[in-house]
Amino acid sequence: MFSGIIQAIVPVHTIYEVTNFKTYTVILPTYLLSNLKIGCSISNNGCCLTVIAIKYNLVSFNVIHETLKLTNMGILKLGDLINIERSIGYHSEIGGHLMSGHIDCTGKIIKIITSKNNKIIWFSIKKKYLKKYVLQQGSIGVDGVSLTVSKIFNNYIRICLTPYTAIQTTLGEKKIGDIVNIEVDIIIKSAINSFERKWSVINFQKNN
């Protein structure tokens with residue numbers, strides 16, 4: 001699990017690609033290498049990926065077809081910067097909100113408004129049915145960053161970046177048309193899904 005507080009922005013060092021499969025390597029800062037082992041989970045742009053190799057500060061991950069299809073990991077190029085967060089422990093502070101690292105869909109940035117101390121980003125979500133899990137003033141994960149939903153309009157979602165978030169994550173450098181990974185709030189998602197299942201059973205029993 002993750003908290004959505006980005007610990008580093010790192011470059012993609014190498015990419016090895018075959019059909020429907022990629023292995024890519026990033027350069028991690030020294031402070032994130034402590035106790036890092038093969039098999040550990042790290043959030044890459046919000047995707048929970050397993051460490052498969054470590055050589056000095058070069059850390060490698062495999063990305064399978066489903067992840068390539070569902071996230072923006074498939075369009076990464078050499079030198080691209082990604083948001084990194086190591087998994088949290090049982091006694092870790094959850095500075096953002098609880099995130100699984102299982103991306104629900106991608107979003108496309110459609111509008112950016114920049115002022116002196118604020119950056120506002122509007123994006124559309126690819127899977128419209130997910131909008132029922134997005135609440136105004138609720139939480140959402142965007143490229144692994146825990147953010148507050150400031151407004152919802154039709155299929156569009158607005159987020160606001162503080163100067164700190166804009167500098168400490170890749171979101172500050174995003175442009176119109178860029179694709180971002182979206183993870184809806186897993187607590188809201190679980191609650192709504194549980195209610196819908198229970199309501200479906202009640203209706204079934206009532207009509208049979």
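Any Cβ shown, glycine's included, is placed from N, Cα and C.
Automatic, uncurated: that is what TrEMBL annotation is.
Taken from TrEMBL, the feature repeat 'Lumazine-binding' covers 1-97, 98-195. What TrEMBL lists as domain 'Lumazine-binding' is 1-97, 98-195.
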DSSP helix/strand/coil residue counts for the domain 'Lumazine-binding' (1-97):
13 helix, 45 strand, 39 coil
Restricting to the domain 'Lumazine-binding' (98-195), what is the model's mean pLDDT?
96
